[in-house]
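Enquirer: Starting off with a structure, shown below.
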C-alpha cells in the first residue's frame, strides 16, 4: 500500500468514502472498496438502517452536543464563549451529516452520495480548524467575542471546508488530475493537515496551562481527550475487522470511533469549562437562588459596609458610585 492509498484502510474500516474510491470492479461495474467486515443492518418499520449501533451513537452525540452548547451559552461572561460555541455547532452539523451517510439515508452508489461524503469531509476539516483557532483564544492575542475573532475563525473554517470539499469531490469525480485511484490529495487534506492542526491545538493548551495557570488539573482533561481520540482512531483503522468478526457483525470500529470522538469532544468542553469562570455579578440576574437571606442584621449593625477584600478595590460604600466592571474574568 503506497502513500495516500485507501485500500488498506478501507479493507479494515467501513468508511463512507470507501464507496467512492478504489479501482473499478468487474462485479459492481464501479469503484469502491468493500471492508472485510462491517456491522449488520437493522430493519425498522420496513426501513433498512445501516450501521444501527453507530447511528444510535450519532443521535446520542447530537443530544449531548445540545446539552454542552446550552451550558456554554449559560456562561455569559466566560472567555471564548462564542468561539467554542462555533466549534460545537460545527461538530453537531458534522454528526448530523454523518448520521445521514452512515444510516443509509443517502445510500451508497446513488448519484448524490459522493456530494454528501465530500460535504462530510469538508465539515470534518472545518471542525478541526475551528478547534485549532480556539486554541489561540486563551492567549488573548486579540479580544475574544469581537467581529475580528469570530470572522477570522469563520473564514478559516470556511476555507478548510472548501478545500477539503473540492479535493474530495475532485477525487470522486475524476477532476483536475485526481481520481478514485489517485487519492493522495484527499489523504493529505483529510488526515495529515487535520492531524497537524490537532497537534497544534494540544501543544497550545499545554503551554497555556503550564505558563499561565496555577491549577494543573486541566492537563488531565487534555490527556483524557487525547486518549479517547487516539483510541478511537486505533480501533477504527487497526482493529475494526477483528472486533467485528469476534462479535458476529453486531458492532464494528465505526461505532467505537464515534463513541470515542464524542468522549474527546466532551473532554474539550470539560477543559474549556475548567479554565474559565463566570463573573457572578453578571449572572446573578439569570440564576434566581444565588443569594438567600438567612437572618436579618440587628438594628445596631446596620451600617455602611467596608470592602476590605472586595476585588473592585473600594474602601466604603460612599467613596464613589459603584458600577460593575465590564471586564470578563477567567483563570488565564
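If you go along the chain as it appears here, the first residue is 1 and each next one adds 1.
Every residue gets a Cβ built from N, Cα and C, even glycine.
Not my notes, these are from Swiss-Prot:
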type     : residues : note
TRANSMEM : 52-72    : transmembrane segment
TRANSMEM : 87-107   : transmembrane segment
TRANSMEM : 116-136  : transmembrane segment
TRANSMEM : 158-178  : transmembrane segment
TRANSMEM : 184-204  : transmembrane segment
TRANSMEM : 219-239  : transmembrane segment
TRANSMEM : 249-269  : transmembrane segment
REGION   : 309-332  : region 'Disordered'
COMPBIAS : 313-332  : compositional bias 'Polar residues'
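Looking at the shown structure, what environment does each listed feature sit in?
Expert: Beyond its flanks by at least six residues, the transmembrane segment (87-107) meets 16, 41, 48-51, 54-55, 58-59, 61-62, 65-66, 68-69, 72, 113, 116-117, 119-120, 123-124, 126-127, 130-131, 134, 157, 254, 258, 265, 268-269 of its own chain at Cβ-Cβ distances under 8 Å.
Remote same-chain partners of the transmembrane segment (116-136), defined as residues 6 or more beyond its termini with a Cβ less than 8 Å from a stretch Cβ, comprise 16-17, 19-20, 80, 83-84, 86-87, 90-91, 93-94, 97-98, 100-101, 106, 152-153, 156-165, 167-169, 172, 186, 189-190, 193-194, 197-198, 200-201, 204-205, 208, 268.
Away from its own ends, the transmembrane segment (158-178) comes close to residues 17, 20-21, 114-115, 117-119, 121-126, 128-129, 185-186, 189-190 of its chain (Cβ-Cβ under 8 Å, at least six residues beyond either end).
Proximity of distant same-chain residues to the transmembrane segment (219-239), defined by a Cβ-Cβ separation under 8 Å and at least 6 residues beyond the stretch ends, is recorded for 9, 12-13, 198, 202, 205-206, 209-210, 253-254, 256-261, 263-264, 267-268, 270-271, 274.
When Cβ-Cβ distances below 8 Å are used as the criterion, the transmembrane segment (249-269) is approached by residues 12-15, 35, 37-40, 51, 53-54, 57-58, 60-61, 64-65, 68, 71-72, 84, 87-88, 91, 98, 102, 131, 221-222, 224-226, 228-229, 231-233, 235-237, 239-241, 243 of the same chain, each at least six residues removed from its ends.
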